[in-house]
Amino acid sequence: MHDVWRTILSRFKQNTNAIKTRFDKYRALCKELGLQRDEWSESIFLDDLEKLLKLTAKFEMALMPSNGVDTHVNGVITKINGFNNGFDTHINGFDTRINGFHTHTNGFDRGLELWQIEERYRALAQLQSTLGSFFERACPGYDQSKIPWFFDPSYYQCQGVNYDRFASPDVRDREQQLLETLQLGSNQNPKLLLMSSGMASFTVIQQYVVQQLNYGDTVVVSPYIYFESFQPMRSQKSLTVVNAKGFDPESIIEAAERNNARAVFLDPMCNTVGLDTIDIRRFAHLVANRGGWADRLVIVDGTLVSGGMQLYDWFDGPHCPKVLYYESAHKYIQLGLDLIMCGYVVMPEDLVPAIQLIRQITGTVLYSRNASLLPPIDKTIFNFRMSRLTTNAEKLHRLLDAESRNMAEVTFPHHWRDYRWRHGGNVVTVRFHGEGLNKRSNLERCCDDILRAAEEEGVQMVKGASLGFSTTRIFVADAFFENTDPFLRISVGVQSEDIETVARAVLSGIKRYCMSAVPVNLDVGQRLYDAKFYIAMASMLEVRARYAKDRVVFMEGEWLVPILKALGAREEDFDALQQVSHHLGKDPTVDYRTIRNGLFYFNFENKAIQRFQKQRFTLTVQENYKRHDSGLPRDFPEVRGDLQYNTVLQALMVAKAFIMNKVDVEPRAHLDYSSPNFLCNVFNIRTFTEKNILGEPTLEGVHADGADHTMTTFLGCTNMRSDSGITFIHDQKEITGIPATEAQPSLIKHRFQHRHFLDSLLFADNEAKHSLTSVFQEDVSKRATRDMLLFLTRKPKLAGHSSGSVDAMEPHKTLPMNVPLWL
């Protein structure tokens, strides 16, 4: 890729040189005509030009191989010194600074990553564009007295129209360059006109088609064309729009001939989940040799197969229709630089005057300053990039398809070679199996899961519209076609070495998404005919009796596992629960933990546990919580389906509900103890310690959690010292807010430590206070982590509660849950 960018930069330098040459000619012409010039403005131009030259030379150094530095730099200096006509006085001393390059090469960037190369080129391109239009006018003068009103000397006494909306000479040069790059063929002597966007291109074509057709004429479109193109066509009351029944050429031809269509619109590759394709080559061969087609128009949107077809050479025969081709050039043709909106229309030469006039009248031209931002590519660079993108997309498709068939259908049009295209684009689509998984709100969560997985894999990825970028991009796309659902669209990046990592990130993300999006609700009622269920009930009754007596009970994970299985927890969910803490969100208040929170409703009246809508979490000093954020509502990332629909988590809540049911505790102020039901805030927390960060499970020191019944469950740890995470239960007399290390030993009622998976501690929160020791590292060179579940269960709030809020008792809209209670 560095070779490609060195070639582009070489042409970029030629364009800079052309700007300097234009400036020299402009200045010479002004002198010849006796025109006044503003030296202050010119000094700004020259300062910026000097800056551009210097930055370009530095960028070129960063792109060079490690050998040959001095020779190449000396060549740069020679070229810079070659500027003349008075420029030497302004740039005096610049060559001296450049000459310092070969003695200070260590100060230059080495091994630039692709995103850095693109970012720096963008910056240089913007500066060059500014210089190119610095003195130019939108409406340059033909002649003048005393002051100049042009920059490009070709405008002086020009026979054409000096008006930027009519396309400047620079725009016409770019049009020719782009036509040569696309290699669309030579039949009908095609010409290219640049437009301000892809939709501007379609607008111009649509107006031309409407001008050529009569009231009541029919237009046939393939079963799908891009929705923003189809909608304005359908709204034309003077025309009848008919969709062909199939994407095969024969179906499209049959529809056109049956309806006597005057125009046919085709998308060779469609923006649909199936990436439906049309064999344009076969279509062209059939119609060009078929009577009645010479008077028809064929309009082709090649955006997704940019420059991939010898289109005009395929339309070769005695009955060849007029072919108009267009693209959104915001996509592939800009090499992923994303600098401007752009589009173009290609047409037979004899249609140029009519199309050009429409462009002028509608103001859809690509103006000169924007045209100068298009990268100076050629067919070699473009074909190399498109080939690389397609190869990467095919590889990603194979990797995803092999591992995700039970979750989704992954699509890429591998048959592009059969159509004699040069490439197959870089788009891969994903359609999930299962009801509801392809709804937009759910797919947005899928994108979030994939991005978080990409962060964990350390690979670059972007969520956003469009395609053809160097960095892999994901997006929830919508074809707006026959009531079809949205789908996940992946625009695969250009760096081949990243594809396997990208695949791992995408697979990890969609696995999390599928786990979280498919509701799984534990049903204790199905266990009533299993003897193990009643053995578990007897064990829990013993624990419940101890809890009612002692107000605290520690349940070892080894004891809990068969209990939870007897309640219906699935075997595979035990392992999954130990992994869920890898995917938590950032804590908004402290830097030593990641977290998720969800609100659940223990409905003892209807004997069910439900998920409720998110609400902010607040603890106050009045509830024995004394910290810097006491009384402040905290907005935590939400618990997702990967935890909520884990049957072990659901069984833990059922077990807690069974043990705490009808165990009276010291009431808290302004909670509704007349209600038989409880709210349970569930937290999934990872506390970590690493360099300069000490993980504090209870930064607030000795405290209470504003609950009636608190349960803490251990999920796992890494690199944690044996004196970490020790829980102390303190007498109510202990001072709230003091560190655990300062607590009075005589007021410590109990000491527990979670050591093994699912070790759980349940205590009456308002009858004691508690604190924990910090998380310490066993190996100080590595991060230490401690993963926990926290269940804070209380009665609903009443007006006057110290938090200043009451509970919003609403079921969750996108993550419903209804787990039966057996009590």
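Cβ coordinates are placed from backbone N, Cα and C, and glycine is handled just like the others.
The annotation region 'Pyridoxal 5'-phosphate-dependent lyase' is assigned in Swiss-Prot to 56-535. According to Swiss-Prot, the feature N6-(pyridoxal phosphate)lysine maps to K331, an assignment based on similarity to another entry. Annotated region 'Alpha-ketoglutarate-dependent oxygenase' per Swiss-Prot: 573-823, in sequence order, evidence recorded as a curator's inference. The annotation Fe cation binding site is assigned in Swiss-Prot to H703, D705 on the grounds of similarity to another entry.
Taking each of the recorded positions K331, H703 in turn and counting other Cβ atoms within 10 Å of its Cβ gives the largest count for H703. Recorded residues H703 (Fe cation binding site) and the residue listed as 'N6-(pyridoxal phosphate)lysine' have their alpha carbons 57 Å apart, per Cα-Cα distance. Non-local contacts of D705 (Fe cation binding site) by the CB criterion (under 8 A, 6+ apart in sequence, same chain) comprise L619, E623, Y625, D765, L790, L792.
The average pLDDT computed for the region 'Pyridoxal 5'-phosphate-dependent lyase' (56-535) is 88.
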